[in-house]
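TrEMBL has this to say about the protein:
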{"type": "ACT_SITE", "residues": "K10", "note": "active site"}
{"type": "DOMAIN", "residues": "66-143", "note": "domain 'GHMP kinase N-terminal'"}
{"type": "BINDING", "residues": "P94, V95, A96, A97, G98, L99, G100, G101, G102, S103, S104", "note": "ATP binding site"}
{"type": "ACT_SITE", "residues": "D136", "note": "active site"}
{"type": "DOMAIN", "residues": "199-274", "note": "domain 'GHMP kinase C-terminal'"}
Amino acid sequence: MQRIEKAPAKINLSLDALYLHEDGEPEWQMVMTSIDLADYVQITLRNDPAIKVRTSSGFLPEDQRNLAYKAAHLLQHKYQIKTGALIEIEKHIPVAAGLGGGSSDAAAVLRILNELWHLGLTRAELAHLGLQIDSDVPYCVYGETALVTGKGDQIRPLGGLPNFWLVVVKPDISVSTPRIVRALDCQQIKQHPQTNALIDAIRTDDLTAMIQNMANVLTPITTARFPVIDQLCDRLLQFGADGAQMSGSGPTVFGICRQYSRAQRIYNSMSGFCSEVYLVQPLKP
Ligand code: ATP
(Lines of atoms letter the chains of each structure in order from A and count residues from 1; the text may use other names and numbers.)
(Lines give C-alpha, C1' and ligand atoms only; values in the text may rest on other atoms or scores of the structure.)
Protein backbone atom coordinates (compact mmCIF):
# COMPACT_ATOMS: atom_id res chain seq x y z
CA MET A 1 0.00 0.00 0.00
CA GLN A 2 1.23 3.44 -0.90
CA ARG A 3 0.25 7.05 -0.34
CA ILE A 4 1.73 10.48 -1.14
CA GLU A 5 1.06 13.82 0.60
CA LYS A 6 2.22 17.40 0.38
CA ALA A 7 4.19 18.62 3.39
CA PRO A 8 3.97 22.43 3.22
CA ALA A 9 6.38 24.95 4.75
CA LYS A 10 5.12 27.27 7.50
CA ILE A 11 5.86 30.89 8.24
CA ASN A 12 5.35 32.82 11.47
CA LEU A 13 3.10 35.85 11.09
CA SER A 14 3.96 36.37 14.77
CA LEU A 15 6.28 34.71 17.23
CA ASP A 16 6.18 35.58 20.93
CA ALA A 17 7.65 33.94 24.02
CA LEU A 18 5.81 34.78 27.24
CA TYR A 19 8.03 33.09 29.86
CA LEU A 20 10.29 30.08 30.27
CA HIS A 21 8.94 26.82 31.74
CA GLU A 22 11.04 25.09 34.43
CA ASP A 23 12.63 22.85 31.76
CA GLY A 24 13.81 25.97 29.88
CA GLU A 25 11.20 25.59 27.10
CA PRO A 26 9.43 28.85 26.23
CA GLU A 27 5.69 29.34 26.55
CA TRP A 28 5.05 30.23 22.91
CA GLN A 29 2.34 32.42 21.45
CA MET A 30 2.58 32.33 17.67
CA VAL A 31 0.36 32.82 14.65
CA MET A 32 1.49 30.47 11.90
CA THR A 33 0.29 29.77 8.39
CA SER A 34 1.31 27.24 5.74
CA ILE A 35 2.45 28.30 2.28
CA ASP A 36 2.46 26.69 -1.15
CA LEU A 37 6.12 25.71 -0.98
CA ALA A 38 6.10 22.02 -0.09
CA ASP A 39 8.03 18.77 0.19
CA TYR A 40 6.34 15.59 -1.07
CA VAL A 41 6.25 12.59 1.25
CA GLN A 42 5.45 9.18 -0.20
CA ILE A 43 5.11 6.10 1.98
CA THR A 44 5.04 2.49 0.82
CA LEU A 45 4.31 -0.14 3.45
CA ARG A 46 6.87 -2.94 3.81
CA ASN A 47 6.22 -6.52 4.88
CA ASP A 48 9.19 -6.52 7.25
CA PRO A 49 9.36 -4.12 10.23
CA ALA A 50 12.17 -1.93 8.84
CA ILE A 51 11.69 1.84 8.49
CA LYS A 52 13.71 3.26 5.61
CA VAL A 53 14.03 6.91 4.64
CA ARG A 54 15.21 8.19 1.25
CA THR A 55 15.45 11.91 0.48
CA SER A 56 16.15 13.80 -2.72
CA SER A 57 18.57 16.02 -0.77
CA GLY A 58 22.21 14.95 -0.87
CA PHE A 59 23.03 15.88 2.72
CA LEU A 60 20.05 15.15 4.99
CA PRO A 61 20.35 12.21 7.40
CA GLU A 62 18.31 9.18 6.29
CA ASP A 63 18.61 7.27 9.58
CA GLN A 64 16.94 7.71 12.97
CA ARG A 65 18.05 11.39 13.01
CA ASN A 66 15.54 12.18 10.24
CA LEU A 67 12.35 13.63 11.74
CA ALA A 68 10.28 11.56 9.29
CA TYR A 69 11.94 8.38 10.62
CA LYS A 70 11.24 9.51 14.20
CA ALA A 71 7.55 10.00 13.38
CA ALA A 72 7.19 6.51 11.86
CA HIS A 73 9.14 4.88 14.68
CA LEU A 74 7.03 6.65 17.30
CA LEU A 75 3.75 5.27 15.87
CA GLN A 76 5.19 1.81 15.12
CA HIS A 77 6.54 1.44 18.65
CA LYS A 78 3.52 2.89 20.48
CA TYR A 79 0.96 0.82 18.58
CA GLN A 80 3.08 -2.36 18.22
CA ILE A 81 2.83 -2.35 14.41
CA LYS A 82 4.49 -5.34 12.76
CA THR A 83 4.95 -3.86 9.27
CA GLY A 84 7.53 -1.25 8.28
CA ALA A 85 7.59 1.65 5.85
CA LEU A 86 9.65 3.09 3.02
CA ILE A 87 9.47 6.89 3.32
CA GLU A 88 10.55 8.81 0.21
CA ILE A 89 10.87 12.58 0.60
CA GLU A 90 11.18 14.96 -2.33
CA LYS A 91 12.68 18.05 -0.66
CA HIS A 92 11.78 21.52 -1.87
CA ILE A 93 11.69 23.39 1.47
CA PRO A 94 15.11 24.84 2.38
CA VAL A 95 16.62 23.03 5.40
CA ALA A 96 17.31 24.72 8.78
CA ALA A 97 15.62 27.82 7.43
CA GLY A 98 12.85 28.63 9.93
CA LEU A 99 10.27 27.16 7.53
CA GLY A 100 9.59 23.98 9.54
CA GLY A 101 10.48 21.60 6.69
CA GLY A 102 11.56 18.67 8.85
CA SER A 103 8.54 19.09 11.14
CA SER A 104 6.20 19.18 8.16
CA ASP A 105 7.71 15.96 6.77
CA ALA A 106 7.22 14.34 10.19
CA ALA A 107 3.62 15.55 10.38
CA ALA A 108 2.91 14.13 6.90
CA VAL A 109 4.30 10.77 8.05
CA LEU A 110 2.01 10.83 11.10
CA ARG A 111 -1.04 11.61 8.92
CA ILE A 112 -0.21 9.01 6.26
CA LEU A 113 0.65 6.16 8.65
CA ASN A 114 -2.44 6.93 10.74
CA GLU A 115 -4.38 6.00 7.57
CA LEU A 116 -2.22 3.18 6.21
CA TRP A 117 -1.93 1.48 9.62
CA HIS A 118 -5.67 2.13 10.38
CA LEU A 119 -4.89 3.74 13.74
CA GLY A 120 -7.95 6.01 13.79
CA LEU A 121 -6.20 8.79 15.72
CA THR A 122 -7.72 12.28 15.72
CA ARG A 123 -5.78 15.34 14.57
CA ALA A 124 -5.46 16.44 18.20
CA GLU A 125 -4.06 13.02 19.18
CA LEU A 126 -1.55 13.09 16.32
CA ALA A 127 -0.53 16.63 17.27
CA HIS A 128 -0.03 15.58 20.90
CA LEU A 129 2.23 12.71 19.80
CA GLY A 130 4.06 15.03 17.39
CA LEU A 131 5.31 17.20 20.24
CA GLN A 132 7.71 14.38 21.13
CA ILE A 133 9.43 14.92 17.75
CA ASP A 134 9.69 18.73 17.52
CA SER A 135 7.74 21.72 18.83
CA ASP A 136 6.56 22.62 15.28
CA VAL A 137 5.12 19.16 14.49
CA PRO A 138 1.74 19.72 16.24
CA TYR A 139 1.13 22.84 14.13
CA CYS A 140 2.18 21.00 10.97
CA VAL A 141 -0.29 18.17 11.69
CA TYR A 142 -3.03 20.84 11.32
CA GLY A 143 -1.24 22.82 8.57
CA GLU A 144 -3.75 25.65 8.52
CA THR A 145 -3.55 29.19 9.89
CA ALA A 146 -3.60 28.85 13.67
CA LEU A 147 -2.71 30.35 17.02
CA VAL A 148 -0.09 28.09 18.57
CA THR A 149 0.51 28.24 22.33
CA GLY A 150 1.95 26.09 25.13
CA LYS A 151 5.18 24.39 24.09
CA GLY A 152 3.81 24.27 20.55
CA ASP A 153 1.09 21.74 21.37
CA GLN A 154 -2.00 23.96 21.75
CA ILE A 155 -3.41 24.65 18.29
CA ARG A 156 -6.39 26.94 17.65
CA PRO A 157 -7.28 27.22 13.92
CA LEU A 158 -8.09 30.79 12.88
CA GLY A 159 -9.78 30.34 9.49
CA GLY A 160 -8.86 32.17 6.28
CA LEU A 161 -6.36 35.02 5.87
CA PRO A 162 -6.74 38.25 3.91
CA ASN A 163 -5.53 37.80 0.33
CA PHE A 164 -1.80 38.53 -0.19
CA TRP A 165 1.36 37.33 -1.90
CA LEU A 166 4.63 36.41 -0.26
CA VAL A 167 8.18 36.86 -1.48
CA VAL A 168 10.16 34.36 0.60
CA VAL A 169 13.94 34.85 0.71
CA LYS A 170 16.34 32.30 2.20
CA PRO A 171 19.89 33.68 2.59
CA ASP A 172 22.75 31.25 2.19
CA ILE A 173 23.19 30.54 5.93
CA SER A 174 21.78 27.89 8.27
CA VAL A 175 20.47 28.68 11.74
CA SER A 176 20.29 26.27 14.65
CA THR A 177 16.88 26.78 16.28
CA PRO A 178 17.95 25.37 19.71
CA ARG A 179 20.92 27.76 19.82
CA ILE A 180 18.72 30.81 19.13
CA VAL A 181 16.04 29.70 21.61
CA ARG A 182 18.68 29.13 24.34
CA ALA A 183 19.74 32.77 23.95
CA LEU A 184 16.17 34.00 24.54
CA ASP A 185 15.62 36.13 27.67
CA CYS A 186 11.90 36.87 28.01
CA GLN A 187 12.61 39.88 30.31
CA GLN A 188 14.69 41.57 27.60
CA ILE A 189 12.13 41.46 24.77
CA LYS A 190 11.59 44.98 23.43
CA GLN A 191 8.95 44.44 20.76
CA HIS A 192 6.20 41.87 21.28
CA PRO A 193 3.67 41.18 18.54
CA GLN A 194 0.13 42.33 19.34
CA THR A 195 -1.29 38.84 19.06
CA ASN A 196 -4.94 39.62 19.92
CA ALA A 197 -5.01 42.55 17.50
CA LEU A 198 -3.36 40.35 14.85
CA ILE A 199 -6.05 37.69 15.30
CA ASP A 200 -8.79 40.36 15.11
CA ALA A 201 -7.23 41.65 11.89
CA ILE A 202 -7.27 38.15 10.39
CA ARG A 203 -10.91 37.67 11.43
CA THR A 204 -11.92 41.03 9.92
CA ASP A 205 -9.88 40.47 6.73
CA ASP A 206 -7.81 43.62 7.43
CA LEU A 207 -4.37 43.16 5.83
CA THR A 208 -3.02 46.55 6.96
CA ALA A 209 -3.82 45.83 10.62
CA MET A 210 -2.49 42.28 10.24
CA ILE A 211 0.89 43.62 9.09
CA GLN A 212 0.97 46.35 11.78
CA ASN A 213 0.56 43.81 14.57
CA MET A 214 3.06 41.19 13.39
CA ALA A 215 6.47 40.76 15.10
CA ASN A 216 8.98 38.03 15.87
CA VAL A 217 10.81 38.22 19.21
CA LEU A 218 13.64 35.98 17.97
CA THR A 219 14.64 38.52 15.28
CA PRO A 220 17.11 40.55 17.43
CA ILE A 221 18.87 37.34 18.53
CA THR A 222 19.31 35.93 15.03
CA THR A 223 20.13 39.28 13.38
CA ALA A 224 22.83 39.97 16.01
CA ARG A 225 24.59 36.89 14.59
CA PHE A 226 23.56 37.38 10.96
CA PRO A 227 22.98 41.11 10.13
CA VAL A 228 22.10 40.13 6.54
CA ILE A 229 18.60 39.24 7.81
CA ASP A 230 17.84 42.88 8.71
CA GLN A 231 19.31 44.00 5.40
CA LEU A 232 17.03 41.62 3.48
CA CYS A 233 13.94 42.85 5.35
CA ASP A 234 14.95 46.46 4.58
CA ARG A 235 15.44 45.58 0.89
CA LEU A 236 11.99 43.94 0.71
CA LEU A 237 10.44 47.11 2.15
CA GLN A 238 12.51 49.41 -0.10
CA PHE A 239 11.37 47.42 -3.15
CA GLY A 240 7.75 48.02 -2.08
CA ALA A 241 6.64 45.14 0.15
CA ASP A 242 3.79 46.15 2.47
CA GLY A 243 5.52 44.35 5.37
CA ALA A 244 8.56 42.14 5.97
CA GLN A 245 9.59 39.78 8.74
CA MET A 246 11.84 36.86 9.67
CA SER A 247 10.18 33.44 9.97
CA GLY A 248 10.80 31.21 13.02
CA SER A 249 14.39 31.42 14.24
CA GLY A 250 15.46 32.50 10.73
CA PRO A 251 17.29 33.02 8.52
CA THR A 252 14.38 33.06 6.01
CA VAL A 253 12.55 36.38 5.66
CA PHE A 254 9.34 37.12 3.81
CA GLY A 255 7.81 40.20 2.27
CA ILE A 256 4.02 40.61 2.15
CA CYS A 257 2.40 42.19 -0.91
CA ARG A 258 -1.21 43.06 -1.50
CA GLN A 259 -0.73 43.02 -5.29
CA TYR A 260 0.64 40.20 -7.42
CA SER A 261 2.34 42.57 -9.89
CA ARG A 262 4.36 44.21 -7.13
CA ALA A 263 5.23 40.83 -5.59
CA GLN A 264 6.52 39.71 -8.97
CA ARG A 265 8.71 42.82 -9.34
CA ILE A 266 10.12 42.31 -5.85
CA TYR A 267 10.70 38.62 -6.60
CA ASN A 268 12.70 39.57 -9.72
CA SER A 269 14.73 42.19 -7.84
CA MET A 270 15.53 39.90 -4.88
CA SER A 271 16.48 37.06 -7.25
CA GLY A 272 19.29 39.33 -8.49
CA PHE A 273 21.33 38.87 -5.32
CA CYS A 274 19.86 35.85 -3.51
CA SER A 275 19.69 32.36 -5.05
CA GLU A 276 16.74 31.04 -3.03
CA VAL A 277 13.70 33.25 -3.58
CA TYR A 278 10.09 32.04 -3.85
CA LEU A 279 6.89 33.80 -4.90
CA VAL A 280 4.06 32.01 -3.12
CA GLN A 281 0.73 32.42 -1.35
CA PRO A 282 -0.54 31.09 1.95
CA LEU A 283 -2.44 27.82 1.46
CA LYS A 284 -6.18 28.30 1.28
CA PRO A 285 -8.13 26.43 4.00
P1 ATP B 1 12.24 24.48 12.98
O2 ATP B 1 11.94 25.92 12.87
O3 ATP B 1 11.04 23.59 13.15
O4 ATP B 1 13.34 24.13 13.94
P5 ATP B 1 13.73 24.62 10.52
O6 ATP B 1 12.93 24.98 9.32
O7 ATP B 1 14.56 25.73 11.08
O8 ATP B 1 12.76 24.01 11.58
P9 ATP B 1 14.39 22.04 9.45
O10 ATP B 1 14.50 22.24 7.98
O11 ATP B 1 13.19 21.37 9.97
O12 ATP B 1 14.66 23.42 10.18
O13 ATP B 1 15.72 21.27 9.91
C14 ATP B 1 16.18 21.32 11.22
C15 ATP B 1 17.17 20.17 11.43
O16 ATP B 1 16.48 18.94 11.32
C17 ATP B 1 18.31 20.14 10.43
O18 ATP B 1 19.50 20.11 11.15
C19 ATP B 1 18.12 18.85 9.66
O20 ATP B 1 19.33 18.16 9.43
C21 ATP B 1 17.23 17.99 10.57
N22 ATP B 1 16.26 17.16 9.83
C23 ATP B 1 15.90 15.92 10.17
N24 ATP B 1 14.98 15.43 9.32
C25 ATP B 1 14.74 16.38 8.40
C26 ATP B 1 13.88 16.45 7.28
N27 ATP B 1 13.08 15.44 6.91
N28 ATP B 1 13.88 17.61 6.58
C29 ATP B 1 14.67 18.65 6.95
N30 ATP B 1 15.51 18.61 8.00
C31 ATP B 1 15.54 17.50 8.74
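One is the number of the first residue shown, and numbering goes on along the chain from there.
Positions of Cβ are set from backbone N, Cα and C atoms, glycine also.
TrEMBL entries are annotated by machine, without manual review.
Within 8 Å of the centroid of the Cβ atoms of P94, V95, A96, A97, G98, L99, G100, G101, G102, S103, S104, where the record puts ATP, the same chain has further Cβ atoms from A9, I93, G248.
Counting every protein chain shown, the Cβ of D136 (active site) has 29 other Cβ atoms within 10 Å. Close to S104 (ATP binding site) in the fold, though at least 6 residues off in sequence, lie A7, P8, A9, K10, S34, A38, D39, I93, D136, C140, G143, each with a CB less than 8 Å from its CB. Broken down with DSSP, the domain 'GHMP kinase C-terminal' (199-274) shows 41 helix, 11 strand, 24 coil. Classification of K10 (active site) by DSSP places it within a strand.
A simple way to gauge crowding: the CB of K10 (active site) has 30 other CB atoms within 10 angstroms, across all the protein chains here.
Here the domain 'GHMP kinase N-terminal' (66-143) has, by DSSP, the following mix of helix, strand and coil residues: 42 helix, 7 strand, 29 coil.
If you draw a 10 Å sphere around the CB of G100 (ATP binding site), it holds 29 other CB atoms from the protein chains shown.
It is P94, among the binding-site residues P94, G98, G102, whose Cβ has the fewest other Cβ atoms within 10 Å in the structure shown.
Long-range neighbours of A96 (ATP binding site) (same chain, six or more residues apart, CB within less than 8 Å of its CB): S174, V175, S176, T177. The recorded positions near ligand 1, defined by a Cβ under 6 Å from one of its atoms, are A96, chosen from K10, P94, A96, S104.
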